[in-house]
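**Student:** Below: one structure in structure tokens.
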Amino acid sequence: MLAKFESMMSNKVQTDDDFTQTQNPFTLFASWLEEATISEINDPNAMALATVDETGLPNVRIVLLKNFNSTGFVFYTNYESCKGQEILKSMKASLVFHWKSLRRQIRIRGLVEQVSPEEADAYFQSRPYGSQIGAWASKQSQLLEDRFVLEKEVSRYTADYAIGNVPRPPYWSGFRIKPLFIEFWRDRPSRLHDRLLFTRDFLEQNNWKKQRLYP
């Protein structure tokens, strides 16, 4: 996983003082993610993804960050799934990273765009063969009569794509969350935690406003 984030992690933030001194939230994010990669037992790139349905009722689930840079945070999914449909309707989402081993969390809120077909194709071809077949076999979020039905679909697509590359399903791709708000939280004694909020008014704005928040 480190290789995917290498370009952002080269500007690693090391000291506690830099928590408040940094002016670039992506640099601080890269530093924290790199530390989490060392300290977290499983999936340091796991993040809670929050969306809302057409009635405004929220939904949240854990997904995996697959790439990030100064334009946003990328994950992949079935566009016909619940989360895919909710995002496509609102084009807004929120993320939370929580690293218990570091006693830190990051909240991200922003607008969403679809990744390019070329970007999605490249990532899909990097996935294990079984995961590629699963993307075809699973009608994500739809009702499943029993496990045998799913296994039959897996067998069917395994036979269909036994030779050569597995093409990316047309309904399977990625989203990029382009942040307007990024908040860093760090545990401190007596519940007097550190909170550092970066905001910008529009996506093209490169200069972030930085503010401290009461814990």
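Cβ atoms here come from the backbone N, Cα and C positions, even for glycine.
Note that this is a predicted model, so its numbers are computed, not measured.
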**Student:** Pick the one from LYS66, LYS83 that Swiss-Prot also lists for the substrate site with TYR123, ARG127, SER131, ARG191, LEU192, HIS193.
**Tutor:** LYS66
**Student:** Could you work out which of the binding-site residues (VAL63, LEU65, LEU192) has its C-beta surrounded by the smallest number of other C-beta atoms within 10 A?
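**Tutor:** Lowest Cβ count within 10 Å among the binding-site residues (VAL63, LEU65, LEU192) is LEU192.
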**Student:** With a 10 Å radius around each C-beta, find which of these binding-site residues (SER131, GLN140) has the fewest other C-beta atoms nearby.
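**Tutor:** It is SER131 that, of the binding-site residues SER131, GLN140, has the fewest other Cβ atoms within 10 Å.
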**Student:** Give me the long-range Cβ neighbours of TRP185 (FMN binding site): same chain, 6+ apart, Cβ under 8 Å, in sequence order.
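**Tutor:** Once residues fewer than 6 apart are set aside, TRP185 (FMN binding site) is near ARG104, GLN105, ILE106, ARG107, HIS193, ASP194, ARG195.
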